[in-house]
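First comes the structure, then the notes that go with it.
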Amino acid sequence: MTLIADIIVDVPTLQTNRPYTYSIPDIFTDIIQPGMRVVVPFGRGSRKVQGFVIDIKEHETTEMELKAVESLMDSYPVLTKELLKLGEFLAYQTFSFQVKCYQTMLPAVMRAKYSKKVRLIDEIPENLYWEVFKGKDEISWEEAENKNVLSQLIKLEKQDKVEIDYDVKDKAAAKKIKKVKPALSFEAYEEIREGIRTNAKRQKLFIDVLQSMDDKTSLSYAELRELGVTSSTIRSGLEKGWCEVFYEEIYRDPFASRIFEPTTPLTLNKDQAHAFSEIYQTIKDDQHNVFLLKGVTGSGKTEVYLQTIREVIDKGEGALMLVPEIALTPQMVQRFKSRFGDEVAVLHSGLSKGEKYDEWRKIEKEEAKVVVGARSSVFAPLKNIGIIIIDEEHETSYKQEEFPKYHARDVAIWRGNYHNCPVILGSATPSLESRARATKNVYTLLELNNRVNDYPMPDVDVIDMREEAKSGNPSIFSKALLDGLKKRIDQGEQSVLLLNRRGFSSFVMCRDCGYVLECPNCDISQTLHMDTKTMKCHYCGHEEGIPKKCPKCESRSIRYYGTGTQKVEKELKELLDDAEIIRMDVDTTRKKGSHERLFKQFENKQANILLGTQMIAKGLDFPDVTLVGVINADTALGLPDFRSAEKTFQLLTQVSGRSGRGEKEGQVIIQSYNPEHYAIQYAKQHDYDSFYKKEMNLRHLSDYSPYYYLLKITVSHENEMTAAKKIRQYTDYIRPSLSDKAIVLGPTPKSIARTHNRYHFQVLIKYKREKNLTEKIHQLLSETQKEQAKGMYISIDYQPLDFI
DNA sequence: TTAACGAGAACG
DNA sequence: GTTCTCGTTAAA
């Protein structure tokens, strides 16, 4: 019986987005399994590519000559049956390539690295041999490219004088360390000691160490060094047969130096206990159910998570806990590590690729039962999931912006269904979609309406900045906010200041002629970066110097506009002498670990004000923070996005929740130019339900989510007319297959019509039920392949979250 | 006549 | 993504 394998190859194009069949050489038949990575020859030149085995079956027909699997990259399947199936589903639903889906499920190091080499197999002209090959019999493709001899080499290849060789390298490597163990008996060492010179102190020391070890213990080179045994001593000992050296696989543990004090479960209050028991019931019964856990800030959602996870672990199953990247703070990790110790694996962007791989292996080997991580952790290779939790479920970062454009919430529910386990969506401000599903009983609603220990919600004051300006205060700080900050400094309390960056940036404008410095490639103003003293385009990365005079009218009154964190910090220092400010933004947190360091400093009260962007709004718990200020509450309200009110409400509610988490009462001051806006007013009143009602009403009137689903098609081309013509054509192609219930918006130019010197258009399809739509889009994509190859980019976003 | 270029198809 | 084929065009 011969076996063949269905393999998805790493060639991300539409035409190759399907399984290819390969024969399996006898030596692999016993080992190969679906889910393994393999190397296969592909295409005319049989170049080597990475592939994923998705199925193994018996050879049926002999009609077609099959190529054979070249080698195995894994000794065990890296993708489970479940993940293989999920990848297939995701590829279809998000209009992505199946390989891309599998690659996103795995740590980055497991993606193959390709290299091309030219190897000599016969005599070649002398000059080429010496100048290009320099006496070697193999050079890299890049070397040949640099020397401009590619065409000559290709000719030589046809004459079988040289060979072009493809290499697939696996970057995934477990870190290994060198260790030493004794090779001889206690008595033997005694004898050796007699034999060595009295002044060979190092050797004597090494003998002592070896003698003190039994054959089960071993020491690493680093440990031996600490004892005073150098590597040269070890080497000579090895030569004399005193010891043995071997390699041991280790994990790069980013939390190695940290000690986590174990914590015990806290007593749950009535609401928490109710939520817990509802969830516990489904855990016990192995039932799939989606819960929406709506709990006000500070209501103890995390404790409910922790206790349900405990139940799952005790049942012998794994738990998956998703947290938005910016909320994945050391504080958050600590709570899980303290409760579950080594059973926790943490995956976040701060880890190096190697560290991520190690955490992944720990999960794969079932050494870690609890996975805490950001979006991509939803693919964690847990084999038996007992619960999936998505904290802050309303966060838009759960949707991946690149292909595959998946939403972690959808993936979580898919996996929950597969594993027959509950999925918990937690938030103080659930997305309208989730809240609406709870109303329709698609999700089960669980509410925590009180803060733990019955701490009151903080008082929220909304300051009208228009009045402030009228009364002659030009500052970015209202009098109330400044007084509040002063008071906290005097009382030895702390404040958090949020600068809402969304829809906001600092740009350069000429005060005489109104000229704004724009990017030469994109129709967008460039942003000022004080740290590098340059202007940057946030879309294409174009960078140039800060203009000293206006390029248009030569005026020197070209000035910076807008408010950045640096500017706020500077002004604050001028206004408040005693202000000790910690600033957190992309500039100060770029370096690894700086996040944590800054938070630690604030926690240790080395500063009285924490100033930052969105990243300070989440999951932080500082008991001495009694004032939270929002400098610009409404910069996002004006954006052309139907979710902008929702996002503003969520942000204000989240950040308000940072105040008064200790025994002292908290205050929140929101500065706004639209103080009467309902998003701001309901946030002030901590009134989610009224906001929900009002917003649902508006969404209903304008036919938006959650009443309608959305699909976004974007088309871009170098030529504006071509792009416009094509998107109209595509829209006309799809329209006939839609029911009369569907609404087509556009096509329209995107609000930033040009980036990277390309023109972008989009069309939105709003629909309730369109069973043909997905299929039709797939058809569109396959029928437009030729145009896509010629520079017409088409991108489909299923349930998009942004429209800008 | 031959080399060069571009589009199209196929990849097991 | 890469390679090969085929048809056409440009250069010698």
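Glycine is treated like the rest: Cβ placed from N, Cα and C.
What TrEMBL says about this one:
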BINDING   A:Cys510, A:Cys513, A:Cys550, A:Cys553  Zn(2+) 1 binding site
BINDING   A:Cys519, A:Cys522, A:Cys537, A:Cys540  Zn(2+) 2 binding site
DOMAIN    A:282-448  domain 'Helicase ATP-binding'
DOMAIN    A:545-699  domain 'Helicase C-terminal'
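Shown here: features listed in TrEMBL, placed on the structure.
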| residue | record | DSSP class |
| --- | --- | --- |
| A:Cys510 | Zn(2+) 1 binding site | strand |
| A:Cys519 | Zn(2+) 2 binding site | coil |
| A:Cys537 | Zn(2+) 2 binding site | coil |
| A:Cys550 | Zn(2+) 1 binding site | coil |
CB within-chain contacts under 8 A for A:Cys553 (Zn(2+) 1 binding site), separation at least 6: A:Cys510, A:Asp512, A:Cys513, A:Tyr515
Other CB atoms, at most 10 A from the CB of A:Cys537 (Zn(2+) 2 binding site): 21
Distance [Cα-Cα, Å, rounded] between A:Cys537 (Zn(2+) 2 binding site) and A:Cys550 (Zn(2+) 1 binding site): 18
